[in-house]
Amino acid sequence: MRTFIALDLPEETREQLSDLQGLLRVGRHVPEENLHLTLSFLGEQPLPALEALHEVLCDLPPREVVLRLSGLDILGSRQPKLLFIRAERSGPLAALRREVLTAVRLAGIELPRTRFRPHVTLARFSRDMEERDAAHLGRFLQTHGDRALPEVVAEQVTLYQSVLREDGARYDPLASYPLVPMAGET
Ligand code: 2AM
């Protein structure tokens, strides 16, 4: 099963990002319900490893992770691949990522080391972008590149299955792990 672990974004943040996407006329926009911050991409993993991972992630202690999203950027300077908004690599966010990676290791899943550049992908671009689309993207970045969203507290981490389809990936939540006490809990 192709899976990844992500920090879910509060609804208000997803709405603000979706409004921003509405101003961009090029690329395949990540649907509002799919917007997320990847903590660890696991790739194909067997079910027993994912069950072990679930057990460990259930013990993830609640804590406050404040999300600060600001500054748009593109990956691929010559040939834009994707547009994203950066997330501040705060102490609590970096600590959460370390704990998630520890959980992955404890579950017996081995991953290559990768640098953590927290971001939320907003759109992906196909290889041969037309000149006028590239020009539009350039203007979009000039106008909105400094965009900063109001800070928010992240509510949960989710283990997702990513199902690849012709019209883009579908993300199915397998399990979520709260970072803040759930409503009704003391
Ligand atoms: P992204 O966070 O930059 O968009 C599910 O595919 C998520 O895992 C995506 O959000 C994706 O990138 C992230 N991801 C990280 N490494 C990946 C990889 N090698 N292949 C596919 N997705 C990857």
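Using N, Cα and C of the backbone, Cβ positions are placed for all residues, glycine too.
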When TrEMBL is consulted, the range among 36-39, 52-55, 148-151 described as motif 'HXTX 1' turns out to be 36-39
Expected hit for motif 'HXTX 2' in TrEMBL across 91-94, 95-98, 119-122, 159-162 is 119-122
Could you tally the C-beta atoms, other than its own, that fall within 10 angstroms of the C-beta of His36 (active site, proton donor)? 19
Just the number: how many Å between the Cα atoms of His119 (active site, proton acceptor) and His36 (active site, proton donor)? 8
Over the span of the motif 'HXTX 2' (119-122), count residues by DSSP class, listing helix, strand and coil in order. 0 helix, 4 strand, 0 coil
